[in-house]
Amino acid sequence: MDTGCLSSMNITGASQTRSFAGQLPPQRCFASSHYTSFAVKKLVSRNKGRRSHRRHPALQVVCKDFPRPPLESTINYLEAGQLSSFFRNSERPSKPLQVVVAGAGLAGLSTAKYLADAGHKPILLEARDVLGGKVAAWKDEDGDWYETGLHIFFGAYPNIQNLFGELRIEDRLQWKEHSMIFAMPNKPGEFSRFDFPETLPAPINGIWAILRNNEMLTWPEKVKFAIGLLPAMVGGQPYVEAQDGLTVSEWMKKQGVPDRVNDEVFIAMSKALNFINPDELSMQCILIALNRFLQEKHGSKMAFLDGNPPERLCMPIVDHIRSRGGEVRLNSRIKKIELNPDGTVKHFALSDGTQITGDAYVCATPVDIFKLLVPQEWSEITYFKKLEKLVGVPVINVHIWFDRKLNNTYDHLLFSRSSLLSVYADMSVTCKEYYDPNRSMLELVFAPADEWIGRSDTEIIDATMEELAKLFPDEIAADQSKAKILKYHIVKTPRSVYKTVPNCEPCRPLQRSPIEGFYLAGDYTKQKYLASMEGAVLSGKLCAQSIVQDYSRLALRSQKSLQSGEVPVPS
């Protein structure tokens, strides 16, 4: 996982730039599209010499959260639990495999965790000085956290829910009311809700929520929408997979779904799911999400993590790995995959000159980074060649600290339905660690971001404030004549999750590569949850499962290599 640069501006206006993790010179901040950039601004000069808005006392929060839903009896949860038990119950290896895993995002952490559960020794290497990959976060000089993205944990994420249970940290998820709340662009400051009744089973609760909402779709539009979805309901998974070749917009025209359904529903869904608009997104992505949300009673119920992901989610996984003999190393950037004469992996060469060897190797980096690492000798192999179609989508995450508490918000995720913004939340309300009774901190996903990723931080903030003035007409003005900005952070990710455009599905690789002893993990690899945190965790489990299943072959290969003297002593 590569890093970018931290740019800052002091209150006198002097611009400063430095390498964020000490691994890239400033001039290389945007040399390649996979570098993530960070921007930090502090705007109020009167705060010079003291904390910008608050101190951090011992955490005391009156919890408004809802009880954890009963997920344990759902089929998907049980299947995910069965896969977890595969590792715990597998035969203990006579000689544990040493598996080198590159990338400590959720996919790499998951791979290492389940390999350790099976009795093997993972060596997890992270390029940056922070865990989490796409869920990474950083603490500023005031002690406030800012994140790579706005992360939501759904009830329909069975592998993540199992993972929280296995780590005994289920209480770190703050469950919210079972609703979806959309801003009304034509009625500034107003919202429309889809409330899922707790007393009804799926899919009736979802249908009820849609039918009860008369502010976004008319009855004729609802009927035509339902008729358009009938083939998916009847055809099941084969039908869903067959729609991979169509964009959402193309599917709507084919099914006779009114354009207003796109304007009122699908634009918001597309941007929330993949940070792009319906004229680009594969309809398969929408149908998979609808299937998960409608087929499981609590599938669309949302939870926030109670604090920053590196400490509250990633560190418990690291502790688990280390407690079972595994290793996790930060600041360990993969420079090159060195090969043996037969085309298999000899070792991972790090940027500091270190060579890391193992019995098996996993690349759990984002697809764009892995494509830069693919050895020339592998480039014409179909498995690797097909990856060219998989490209990360740009996204920008914006955090704004205001000088007051905003009233026109909820303790929930909100769909902005803005042309520039996707979803947002007042994190001072939704998250325990970020709780503040006096001032709001809005975290917003700025998407689609293709045209904005290279623009200045000032331009992005100005555009964001214009949109917020529509969402908070009585409280926010673009010129800050109402609520004042205390400070803000902008995190740019030029290449985030893979862009789920039509005809990508055949290009997604299995976790087991055609190169003996080499594997892939990441949400772009083949698994049923597409580009998501759930997909990343599941990909790691499937990768670890492939390695455990290949144990005999890998152990024999390692033994022969040692006897022939081809493999050096592990570093």
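Residue 1 is the first one shown; counting continues down the chain.
The backbone N, Cα and C atoms fix where each Cβ goes, and this holds for glycine too.
Going through D117, D142, D342, D523 against Swiss-Prot, the one listed in the FAD site together with A107, E126, A127, K134, H151, I152, Y157, I334, M533 turns out to be D523. Of A127, H151, Y157, all annotated as binding-site residues, the residue with the shortest Cα distance to R292 (substrate binding site) is Y157. You'll find the Cα of Y157 (FAD binding site) roughly 12 Å from the Cα of A531 (substrate binding site).
H151 (FAD binding site) sits 13 Å from A531 (substrate binding site), taking the Cα positions as reference. The number of other CB atoms found within 10 A of the CB of Y157 (FAD binding site), across every protein chain shown, is 26. Within the same chain, residues at least six positions away from D523 (FAD binding site) with a Cβ under 8 Å of its Cβ are A107, V497, Y498, Y529, L530, A531, S532, M533, G535, A536, S539.
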